[in-house]
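Taken straight from Swiss-Prot:
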- His115: active site, pros-phosphohistidine intermediate (ACT_SITE)
- Lys9, Phe57, Arg85, Thr91, Arg102, Asn112: ATP binding site (BINDING)
Amino acid sequence: MEQTYVMVKPDGVQRGLVGEVISRIEKRGLKIVALRMNVIAEATAKEHYGEHAARPFFPSLIEFITSGPSVSMVVAGKDAIKVMRAINGATNPVDAAPGTIRGDFALDVGRNVVHASDSPEAAAREIAIHFKDSEIANYSRVDEVCLYE
């Protein structure tokens, strides 16, 4: 099973959307194998978003991500990265389809509720930033036999 990193950003937590996000993940057949709520440290945020360090929005992004609690998850399942990005919708809420998390709940590209890894390499890097291997559970959902061939 493929794994991906997912974060409910501070705006999603503050708006009470954590349960909605988790529900959509699980209803789609993915499973949450690690979960934590915390205020992400500035150094961790800078490591996570390091590829954007030269961009003009980087300081405000770091300020936002560290402004309050977020929920970090490792999500697993068949094609978890692609499926999770489809659940989230386009990064810019204006372009996000109705029925996606961002299409239904996001208001602004800078406050777009959720983050999910965009590639296997990014997923591995982001998971390692936020979780130790010992914090990731290995279990089977009882409905996996119905979900996958």
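These residue numbers are counts, starting from 1, taken along the chain as shown.
Including glycine, each Cβ sits where the backbone N, Cα and C put it.
Rounded to a whole number, the distance between the Cα atoms of Lys9 (ATP binding site) and His115 (active site, pros-phosphohistidine intermediate) is 7 Å. Comparing local CB density within 10 A for the binding-site residues Thr91, Asn112, the maximum falls on Asn112.
According to DSSP, Arg102 (ATP binding site) sits within a helical segment. All protein chains shown were included, and the count of other CB atoms within 10 Å of the CB of Phe57 (ATP binding site) stands at 12. In this record, ATP is bound by Lys9, Phe57, Arg85, Thr91, Arg102, Asn112; the longest C-alpha to C-alpha distance in that set is 22 Å.
Cβ neighbour count for Arg102 (ATP binding site): 22 (other Cβ atoms within 10 Å of its Cβ, all protein chains included).
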